[in-house]
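Marked as active site by Swiss-Prot on the basis of similarity to another entry: ASP118. The feature S-adenosyl-L-methionine binding site is assigned by Swiss-Prot to GLU44, GLU69, ASN96, ASP118, with sequence analysis given as support. Summarising the annotation, Swiss-Prot assigns substrate binding site to LYS122, ASP154, THR192, GLU193, TYR194, GLU195. Annotated region 'Interaction with RNA' per Swiss-Prot: 124-129, in sequence order.
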Amino acid sequence: MRLRNKPWAADLIAENPDMILVSPENIASNWQSRFAKEQPIYIEVGSGKGQFITQMAQKYPDRNFIAVEIQESAIAVILQKQVELKLPNLQLLLGNGAALTTFFAENEVAGVYLNFSDPWPKTRHEKRRLTYKSFLAEYQQIMQPTGYLRFKTDNQGLFEYSLASLNAYGMVFDDISLDLHNSDLAEDNIQTEYEEKFSKRGQVIYRLEAHYK
């Protein structure tokens with residue numbers, strides 16, 4: 001979902017280079033230098049307004065997190081939160097999730113989160129889905145051998161597509177939930193803004209976790 005333009009976004013981003021990078025060219029393999037401690041790095045591709053990634057950073061201080069978002073207006077909202085929170089284990093990246101291998105080195109990432117990604121329902125837009133094979137190849141290249149991919153959505157069609165796509169790519173499923181909020185995983189689940197809103201309306205949330213062979 002595209003947010004309304006925020007006239008103040010560009011200035012806020014320019015004022016906080018220690019918290020956010022804009023399509024950097026020389027950051028691959030150097031992300032640890034941007035954090036207070038050298039810890040495993042986890043990224044969320046398509047972070048929206050940032051509720052998930054900021055709460056994850058607060059809950060897991062022994063991990064480093066990077067919010068990857070292509071919309072300036074969206075990442076500016078996350079940056080507002082980070083300016084206030086000043087979490088030492090959170091960095092922001094304004095950039096295209098289709099270019100992750102430009103921003104991250106091989107084996108630099110311990111895990112990838114995809115939360116409520118745009119389903120791009122039309123067949124001609126299949127290549128834009130974040131679980132399309134070209135994206136899976138991007139994640140694989142930057143992920144450590146022990147890393148994982150976690151994906152949540154309320155869109156049944158996208159979930160079924162993603163199961164088929166990951167399976168065709170040769171990934172191994174560690175967990176599949178057809179009703180996350182009524183499963184054993186619900187207690188530790190950190191919700192996105194979107195997830196919170198629609199789960200209250202009774203919308204079923206789907207989740208999977210998988211790794212590369």
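Glycine is no exception: its Cβ is also placed from the backbone N, Cα and C atoms.
Rounded to the nearest whole angstrom, the C-alpha distance between ASP154 (substrate binding site) and ASP118 (active site) is 11. If you take the Cα of ASN96 (S-adenosyl-L-methionine binding site) and the Cα of the residue listed as 'active site', they are about 14 angstrom apart, rounded to a whole number.
For the region 'Interaction with RNA' (124-129), the number of residues in each DSSP class (helix H, G, I; strand E, B; coil) is 5 helix, 0 strand, 1 coil.
The number of other CB atoms found within 10 A of the CB of GLU44 (S-adenosyl-L-methionine binding site), across every protein chain shown, is 24. Across the residues annotated as binding substrate (LYS122, ASP154, THR192, GLU193, TYR194, GLU195), the two Cα atoms farthest apart lie 25 Å from each other. Cβ neighbour count for ASN96 (S-adenosyl-L-methionine binding site) (all protein chains, 10 Å cutoff from its Cβ): 14.
Comparing the binding-site residues GLU69, LYS122, ASP154, GLU193, TYR194 on other C-beta atoms within 10 angstroms of each C-beta gives the minimum for LYS122. Here the Cα atom of GLU44 (S-adenosyl-L-methionine binding site) is found 15 Å from that of GLU195 (substrate binding site). It is ASP118, among the recorded positions ASP118, GLU195, whose Cβ has the fewest other Cβ atoms within 10 Å in the structure shown. For the pair formed by TYR194 (substrate binding site) and GLU69 (S-adenosyl-L-methionine binding site), distance between Cα atoms is given as 16 Å, rounded to the nearest Å.
Neighbour count (other Cβ atoms within 10 Å of the Cβ, all protein chains): 24 for THR192 (substrate binding site). Rounded to a whole number, the distance between the Cα atoms of LYS122 (substrate binding site) and GLU69 (S-adenosyl-L-methionine binding site) is 22 Å.
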